[in-house]
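One structure is given here, and the rest of the page talks about it.
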Amino acid sequence: MTTTVSPPETSSTPAAARPAKTSTAKVPFKHRVSRFDSKASPYLYIAPFFVLFGLIGLFPLVYTFVVSLNDWDLLTGPGEWVGFQNYTDELTDPYFWNSLFNTVSIFLLSCIPQLLAAVFIAAVLDQNIRAKTFWRMSVLIPYVVTPVAVAIIFSSAFSEKYGLINNILEALNVDPVMWKTETFPSHVAIATMVNWRWTGYNALILLAAMQSVPRDIHESAALDGAGAFRRFFSITLPSIRPTMIFVIITATIGGLQIFTEPKLFNPSSSVLGGPHREYQTTVLYLWDMAFNRSDFGKASAIAWLLFIIIVAFGLMNFLISRRIASVETRTSKKRTGRKLTEHNAEKAEGARAVVAAAGEKRS
Amino acid sequence: MSNVTDLKKPTTPTTDAGTPGIPVKPVKPAKPGRARDVGIDRRPGFLTYGLLIALFLGGAYPLWWSFVAGSSDSSVLADTWPPLLPGGRFWDNVASVLDTVPFWQALANSIIVSGVITISVVFFSTLAGYSFAKLRFKGREGLMVFVIATLAVPTQLGIIPLFMLMKEFGWTGTLGAIIVPTLVTAFGVFFMRQYLVDVIPDELIEAARVDGASMFGTFWHVGLPAARPAMAILGLFTFMTAWTDYLWPLLVSPQNPTLQVALSQLQSAKYVDYTIVLAGAVMATIPLLILFVLAGKQLVSGIMAGAVKG
């Protein structure tokens, strides 16, 4: 076949092709199958992932963009091409900004306390306690309660009338809180659900990081007279920073897509996300736009705006944390000398790989 | 460190390469005498156990309270101080739950959906992870970078075209529509690759090939057995993720619900009787509590080894 392609190749073919030809003649069929096997198999094994990702990951994202450029109704299908009209509409829609505000507010209320609590719990667990496995398992109990069940349990507990929490507040002579109809209390309530379920989980991740700090660092610090608190702030915290960044990035990607908890928080509200959209998050707004108001075009624009925001948040996290890390490395070089620095660098290396893996959504 | 490579059995002597003066010693069983000298391994006091008990109660109480409320009649919800002991109406409330939603069908659906997704994700991830870790082929590095990059893509935002696709296929209302979009995940591929890259010696694969095993035979007899511990962890977390998923099943199959969707339908009535809803929440939590009792240890070590949330 190759001989017909072009003159220069023809000249080289006899030399190149003859041995190949003779070898195919000599090599038994079985070996040729084997050669094909080892050439094709690697691609065959990774193919399912790429095919499926193309179909259910890449194509939907690209197609979402196409839909977002059209006037597109759930029932009647594609209408006319409107360019970026849907985007400008959304960017000037107060409901969109409201949803974004709610999302970020709930995210901050869940991320910051959760991280602090998780570090604290990890530090408690990082001691030489008895029955380690039992206590580790016990902080994981909330994790086996599904988000839907969590939302149901807490939406009952936060009921304004006859809810567990307002009952107790009443018993303590405190005015009841309007958990489901006021903005800030509702954000606190929803963040509580997220925190309850995920704090123990993240504490275990941080615990693993704490335990991988080489013991000699602790020992030599202790020998130099550093107490437990001093060691915690000067050794443990700097060492687990990469893991904390990892936890934060994962929490960001998941937190900005929060849906289940606000969706189920107040079932008697006819508007998704509270009577006056007090806790309507962006994904909830997207859902409402697409499947209640049937506007696929606008909903797709919302999806892409949220996509951009999530990527921006992720990058920001990454850059800030890298900056902090490099500043920290410089100062710690002066302070604690080579050993810790090298250790940190090693950690940061590992973290970069993990950070790259942080994309797994949680829902 | 939450790095997947730590899954390997810990190499016993952990040394700090940069410190020549300090002798090599194992990390875990620290010499008690020396450690006690510097006070690192001292047993903590009551304060620590008090905190741990408080944490345990904080984690368990909402569940317990759900059971208490779910086994009472609704008058109990108005009590200023919540009762601590369950009432006697749990089975009545269970009966109401069974009347309101197709609980058993939903349970069966959840088991099928999570089971199929788990088997598929574990198998295809192991296959692809093995290929990336141990086979040589053109474009391997580039394709792996692509896999890692897709980890950061919030695919959940593609629900609108996916929904249109499912409708086009006429799959809405079927379990297939719930299952298909998660048959293989980027995380699974990445996770298995990280594990397998060090755990199988290249010579073993070459030896199997020289002995005349086919590529798939090599994978089956060398790759799979070596991958088993990581497959178990990946399977556990994939199952959890599939079981807890809510948005997608709610969208494509509300009429043929999974357990989570059925549970949420319990409180969709105009007037919500929380004793019944909470009884349902308890019922729906029981399967995962069983899983927790059976595999809680593996969950803990999986999380600590970096089996990251799904």
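Keep in mind that glycine also has a Cβ here, set from the backbone N, Cα and C atoms.
Unlike curated entries, TrEMBL annotations are predicted automatically.
Residues annotated as compositional bias 'Basic and acidic residues' in TrEMBL: A:339-350.
Per TrEMBL, the feature compositional bias 'Low complexity' maps to A:351-363.
Taken from TrEMBL, the feature domain 'ABC transmembrane type-1' applies to A:100-317.
Under the heading region 'Disordered', TrEMBL lists A:1-23 (among others).
For A:335-363 (among others), the entry in TrEMBL reads region 'Disordered'.
A Cβ distance under 8 Å defines the sequence-distant neighbours of the transmembrane segment (A:43-66), meaning residues of its chain 6+ beyond its ends; these are 300, 303-304, 307. Positions annotated as transmembrane segment by TrEMBL: A:43-66 (among others).
The annotation transmembrane segment is assigned in TrEMBL to A:104-125 (among others). Using a Cβ-Cβ cut-off under 8 Å and counting only residues 6 or more beyond its ends in the same chain, the transmembrane segment (A:104-125) has close neighbours at 132, 135-136, 139, 187-188, 190-191, 194-195, 198-200, 202-207, 209-210, 232, 236-237, 240, 244, 247-248, 251-252, 255-256, 258, 262, 279, 281.
Beyond its flanks by at least six residues, the transmembrane segment (A:137-158) meets 121, 125, 164-166, 179-180, 189, 192-193, 196-201, 203-204, 260-261, 263-267, 363 of its own chain at Cβ-Cβ distances under 8 Å. The feature transmembrane segment is assigned by TrEMBL to A:137-158 (among others).
For the transmembrane segment (A:188-209), the list of distant contacts is 106, 109-110, 113-115, 117-119, 121-122, 125-126, 136, 139-143, 145, 147, 150-151, 154, 158, 179-180, 239-240, 242-244, 246-247, 251, 255, 258, 261-262, 265, 279, 362: same-chain residues at least six beyond its ends, Cβ to Cβ under 8 Å. Annotation source TrEMBL lists transmembrane segment at A:188-209 (among others).
Feature annotation from TrEMBL assigns transmembrane segment to A:240-259 (among others).
Look at TrEMBL and you will find A:301-320 (among others) tagged as transmembrane segment.
Taking Cβ pairs closer than 8 Å, the transmembrane segment (A:301-320) reaches residues 61, 64-65, 68, 86-87, 89-91, 96, 100, 245, 248-249, 252-253, 256-257, 282-283, 285-286, 289, 355, 358 in its own chain, all 6 or more past its ends.
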